Amino acid sequence: MDVTMTYATQGIWTWWIAIYLYFGGLGAATLAVTFLTDMYLKPHRKLVLWGAGSGVVLLALGSLMLFTHLLDHRAVIHILNPLVLINQPTAWIAWGTQFIIWMMAWGVLYALPYVSETPALQRLPVIRQLLAQRLVRGIAGLVARHRKLVGWLAVINGVGVAVYTGLLLQSFPGVALWANPGVPLLFTVSAFSTAMAFLLLLMYTVIRDAADDVIRGLYERIDLVLIASKLVILASLFFYLQRGSESAMRSWELLWTDLGWLIGFIGFGLLVPFFLELRGVITGWATRMPIIAASVFGLTGGYLLRHYFMYAGVYAYPW
Amino acid sequence: MTHYAMVIDLNTCVGCNACMAACALENQTPVWDEHKWRTYVHDNEIGFGEDTHRRFFPRLCNHCDNPPCMTVCPTGATTKQPNGIVKVDQNLCMGCRACAMACPYHARVDVTYADVRRGRDFYGSDYRRRRPSVDKCSFCDHRVAKGQEPACVETCVGSARLFGDLDEPRDPVARMVASGVARPLLPHIGTRPSVYYIDDLRWRG
Amino acid sequence: MGWSLPRLSRRAFLKTTGYGTAGLSLLSPAGGFVGQAVGRDQVIEEVTYNICNFCSSLCNLKVTTHNRNGDKRIVKVDGNPHSTLNRGKLCARGQAGLRQTYDNDRIKTPLIRVEGSRRGEYAFRAATWEEAWDYIAKKTQEREIKPWEWTMVGGWTSCVFYMNWAVPFAMANEVPNIIASPMQHCVTTGHLGTDLVTGNFNIHDEILPDFDNAKYILFVANNASIGGVSTCRMVRFAQGRKNGAKVVALDPRCSETAAKADEWIRIRPGTDLAFMLALLRTLMTDNLYDAQFVERHTNLPFLLTRDEQGEWRLVTDDEGRPMVVADGTNDLHALPAFHHDNRRDIAGQTIVPALRAPQGLTVDGRPVATVFQAQLDEIAECTPEWAAEITGVPAETIARIAREFGTTRPAIVDPGWHGARFGNVLMLRRVQAMVQTLTGGIDSIGGWINSGEVHHKAAHMYQAYEKGKEIAAPMADLAGMHFAKMVIDAVSNGDNFSHGRPGWTWAWNAQEKAAGRFNVALPVMTDTGLRESVEGQVLWQGEPYLTRALVINAANPVRHYYPDTYWKETLSHENMDLVVLVDVLPSDTAPYADVILPNSTYLERSEPTVYGNGVNHDLAVTTRYAAIDPLYDTEEIADILLRLTEIISGNTDKFLDWVEMLTGLEAGPVKAVHARTRETHERGAFTAACREVSINQTAARIGTTPQRLDMVLRERGIYLEEDKHEVLSHWSMPRLMPVPTPSGRLEFYSGLLRSLRDAGHAEPNFNVLATYIPAECRVGLTMSDPLPPDEFYFTYGKSPTVSHGSTNSNNPVLWAINQFKDEIYKGVWIHPERAERLGIEHGDRIWLTNTKSGQRTDGRAYVTRLVHRDALFIYSSFGVENKALSRTHGEGTATSRLIPYQVEPVVAGFRSQEFTIKVAKA
Ligand SMILES: Nc1nc2c(c(=O)[nH]1)N[C@H]1C(S)=C(S)[C@@H](COP(=O)(O)OP(=O)(O)OC[C@H]3O[C@@H](n4cnc5c(=O)[nH]c(N)nc54)[C@H](O)[C@@H]3O)O[C@H]1N2
Ligand SMILES: Nc1nc2c(c(=O)[nH]1)N[C@H]1C(S)=C(S)[C@@H](COP(=O)(O)OP(=O)(O)OC[C@H]3O[C@@H](n4cnc5c(=O)[nH]c(N)nc54)[C@H](O)[C@@H]3O)O[C@H]1N2
Ligand code: SF4
Ligand code: SF4
Ligand code: SF4
Ligand code: SF4
Ligand code: SF4
Ligand SMILES: [Mo]
């Protein structure tokens, strides 16, 4: 049929979803990385508290974004019920919601023993009262005994959240930019990359312990690999979109003609941190500022990626 | 089995918009917002130079057999009935609009709290909506259940909209689809629509 | 977020081929089935039947109401599935119609102008009916307004549904002045052209072409009459197209109808007559006509001769009967003056009348020619090449279409509906009817078919004539031009009134004629002379014949007459003592009223009578049943006219007598029932009484009981008397009985125009045969002379979602659709090549200036290749000013702000496109 095409970007899921996806990925990956570090590299109370804390807060904020934009808030009840996974196994939001809930739950539990060891937190009224309860103390003990099990449950759910943010977009078949296997990959890698940046930022600012240099070095190296992978995925996206379907080509046009995407995201969000970190790994920096800058750029880039992804998805309508 | 389907014959759609009006009143859509319809009739200029045409293009939910809107729906509000109709349950839907993102046919609209309030005033005691939700064409399943045609089909002055059952080989709609004269939109996406179009340009010139 | 990507919304045209075949696999649905279980209050659903009130297509309606906890609401209006007229379908206006009833802008009580405010301000206070009546009565007495100083202004609603009360009202109160808004736009200007040939004259069209069965369909300046939308025509056209009919549409822009054509002919505005004359000529010269049919049933074989002045006159015998020459002979035969078949002369001899008289034939020493020959001679120069120059359509295309049309059977050229536009439209429609006649496609399958009602009326009229009987109820029983003549006689002849005055329009035009100035021959129900009458320039026996009071019902002249200032100024004139307006919504005329009387909406009304079924080929009757009680304190038209009669003349008995005399509705029974209904009905008592009697009388005519008629109408909305095949089998016109022309034949030579010429009307518009009349958009220039870069011809047409300049652009559902299509519906269509030269882009605000009158208004450019390079186009549906129409006011460009007062001389048809417009970027 001879058709008139209308190309349209959407105004349904906009910046607030970008934030949801960003905070979701960042929070979950941060939590997972800190717990893994704590379990296998070096028990690190501060790191866990920061990781679990920011993970939970970021996810809560992200989820709040989604929640406030619902048309019917009451009906959210249907996805809080874990049975949703049996009823709606194909819906990534169902999985995502459950991952988020359980990641937060296991994350808090994992951190619980550390909380009770932390005087600063115990001074906080609510926490003090909670910790005073027998049940809570019992649970903390239980968690301490099964630390790795709880840790892995949190990590699995965390990784789930990070992967989910990409799978969600991939499930929208009308938009070529989203509906391709590169997207979950890109989002997962990006989630972990931003988590690295976030943790590096923490470790160069609030948790400034010289003993952690190994961890820092490791994180920098991991981040380098992650950024490199992102560049590879982006390159493949570039070619996939450029010669793709109507939808793909329009997205390509939108992205690769936009300075925000080219300079903001690819330039400052990927290349600049990459080279800053590369130099850090190879020759080292005299001050911490370059890595702090790299982290801030990386974090910003993480948001930009999601922002552009939401806005540059093009529907090609045959009318 | 029954598999409801619609064929839209672009050769006789005159862009009168009767279907839009009929649908709006039958299904109590938020007409106070000109962007929120269950069905639209686009009015496009196509062709080049002197070879210009005016094409009216009615569209609505395609009641896909493989509906991405349903697979992404976390609450179970979107379901596919055994008769092929894809439905939204306003009581289950939380309005996350994942379905709207997933739908390649731009078939879904938001009904907000404000719309529900307006609706009570506008449609009065007959207003059937209770909760906000995402909304879309239902193939007028409430009419179909009574043996009636969808409102837009019944009133279509060009008989451009035809409704039928694909599983009934003698049904004219089934025959048009089987013969290939009526074809779906964006088949490559794999949604397997139940709405088919008969092209208008081949007839001319 | 301060920044975001630009939103993409772009279109491109792709030619993609080979969408895979429709493979269907029935995936069983995943996910749980969630049943619907909503507890609801009990709903009682009821169905009543009604008639749409948004255009004179008169679609039959099925109205569904829901009664929930005692609140009964209309929830849906659908096409009546039992109706063969609209086949269960409705257009957007019909569908959305119920929202007129629930429009919160409705006039809910009588309104009286606020003391101290002036006409033009929408400043009213709510009043009771008694206050309103008192106000009118007091003004009438105080100012001593005489009956003839009243004028009624009515829209099509008042014509179609209440003519049976409006005309008797005029006669009883001796108010000889009626302006009917469809006349100058449409009924007389367009239809009269058709009617000169076919003899029809119904209030709102009478011919429904049988598109279902046509093989070739030609549309000339049609759109709202078909696809944009007249439902009864569109449903048939769609079937015809599905059956493979070839469709050609002449239109300067790609209308909804043209968009469905195989060929859209971008004709230069105002030049269709040239195209059609070339077509007519081709059919005649190439013998592409149904010779048998035209010999027998038209006046083409009649002999003509030229008189001393060179005027064509019929050759007649001593008794004034037409003469023909028998084919292949020189034998003259006289034919019956009024008959449908030329095959039998007055002596009863069977003949074949010749279409071409032998060379050199003379009668009484004068050379004679047949009408056929004279007509062909008249248009001898109208070749396709000639028409090509004028129309801008290539000669080959014209010649090809003429041949295709002439060789394909059955073929239809649609009669056309809206007239006006150009002084030559009456002639254009006349030529279209001639072309159709040549195909033999009158009252035939796949051709034009008269309505069941027209057949029925004509048949009964002829029976009465044959029996030498007086026509008992002329308004009910006279068909076609016979009816028109009766109405003209009633108001143009002062002898019908004790005050001796004809309508002021007749007085004014006679006065102008006497002075040798431009005047109108048949100003039937027009506004020519209104302003002059208000200003005191119309004289009657030396005295000013003033118009001092108006009652405007269901009309909105400020919006749909031209120009708006004519009406605004006339209505605000100091001589105007009283303006009474009856409407359902506050139109743009409402601010100029003193008293506004609210009418019930159509869904709240049970009509005072039973009606025919519009243009339906089937013979059927129908009526309205109120779906709900009136929501507000509203009244019915018949009751309003009765009450006004009390005030104007006090002579209500005479009103009832006139109703009986003209329509046959018996006064005695009406009075008796009214005495009863007055007790039971607070409003609409008279209407209810008339209805009861009407149902009784209709039942008696049809041969059934009132109970049964009522029951069938309640259950089906339609009482079918005879279907189309039965109707045609005994009443086919002209095959079996005369058409309602003066001669009973389809007329090429027009006797009516002959008499108007004899009365001194010499313009080509009065030509007794078809002839060319150029449109004059620029003084002294032809239509094919090049236009300056910023100058355009002006065209307009109705949008599918609005009626005329009516108030339904305020209907919330239609309003929303119009918003959705905002640019297309409310923009000024302009061709991109022309726009570019003027630096105008899509959406730009532009100034439009009428080069003839200087009128100026603005609009927004809609740049599209779907309009002729020489023309601008706007949908004539918008431009509402009254803020009381809360949704629609301020939208679009009003035609009445661009169109000057310009009328043609036959019936004062508006020459509403006969000028050019200069365009400039605002
Ligand atoms: N601008 C513009 N002017 C036009 C036309 C156009 O398309 N555009 N078309 C021309 C043509 S072809 C025609 S036939 C005429 C028709 O002109 P009209 O016959 O006058 O028709 P409308 O404009 O539809 O309606 C006039 C008024 O009737 C009121 N009305 C509607 N329903 C009812 C009712 O039930 N009772 C009462 N009492 N009033 C009611 C409306 O509110 C409106 O104010 O207009 C002509 N003038
Ligand atoms: N939607 C809608 N439908 C209606 C009505 C309504 O108000 N609204 N009213 C009913 C009534 S009363 C009437 S009279 C009919 C009117 O029915 P139509 O006469 O069909 O009505 P319009 O839409 O006014 O005009 C038809 C077409 O004429 C084109 N045109 C303008 N100038 C020229 C010209 O010079 N040459 C040619 N060839 N074409 C030209 C216009 O572009 C337009 O597309 O519609 C009836 N149906
Ligand atoms: S058209 Fe869209 S909303 Fe309708 S079934 Fe298909 S995907 Fe779902
Ligand atoms: S908006 Fe409603 S129907 Fe759509 S996916 Fe969300 S819950 Fe399902
Ligand atoms: S089938 Fe019903 S709900 Fe769907 S577009 Fe038609 S009228 Fe609207
Ligand atoms: S009702 Fe029919 S003809 Fe009119 S716009 Fe809708 S699909 Fe087209
Ligand atoms: S064509 Fe439309 S507006 Fe006219 S009578 Fe029919 S439904 Fe009503
Ligand atoms: Mo009209």
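Quick reminder: no glycine exception, Cβ is built from N, Cα and C everywhere.
If you look up TrEMBL, you'll see A:12-35 (among others) marked as transmembrane segment.
Beyond the transmembrane segment (A:47-71), the same-chain residues lying 6 or more positions past its ends with a Cβ under 8 Å from any Cβ of the stretch are 16-17, 19-24, 26-28, 30-31, 33-35, 37-38, 97, 100, 103-104, 107-108, 110-111, 114-115, 118, 121, 154, 158, 161, 198-199, 202-203, 206-207, 212, 215. The transmembrane segment annotation in TrEMBL covers A:47-71 (among others).
Annotated transmembrane segment per TrEMBL: A:91-115 (among others), in sequence order.
Residues annotated as transmembrane segment in TrEMBL: A:149-172 (among others). Beyond its flanks by at least six residues, the transmembrane segment (A:149-172) meets 21, 24-25, 27-29, 31-32, 35-36, 38-39, 52, 55, 59, 92-93, 95-96, 99-100, 102-103, 106-107, 109-110, 143, 178-181, 183-188, 191-192, 309, 313 of its own chain at Cβ-Cβ distances under 8 Å.
Annotation source TrEMBL lists transmembrane segment at A:184-206 (among others).
Marked as transmembrane segment by TrEMBL: A:218-239 (among others). Long-range contacts of the transmembrane segment (A:218-239) within the same chain, counting only residues at least 6 positions beyond its ends with a Cβ under 8 Å from a Cβ of the stretch, are 33, 41, 177, 180, 182, 185-186, 189-190, 192-193, 196-197, 199-200, 203, 252, 256, 266, 270, 273-274, 277-278, 280-281, 291, 298.
Residues or ranges marked as transmembrane segment by TrEMBL: A:259-278 (among others).
Feature annotation from TrEMBL assigns transmembrane segment to A:290-309 (among others).
Between the transmembrane segment (A:91-115) and the stretches A:12-35, A:184-206, A:259-278, A:290-309, Cβ pairs under 8 Å are most numerous for A:12-35. Packing against the transmembrane segment (A:259-278) from elsewhere in the chain are residues 197, 220, 223-224, 227-228, 230-231, 234, 285, 290-291, 293-295, 297-298, 300-302, 304-305, 308, 312: each is 6 or more residues past its ends and has a CB under 8 Å from a CB in it.
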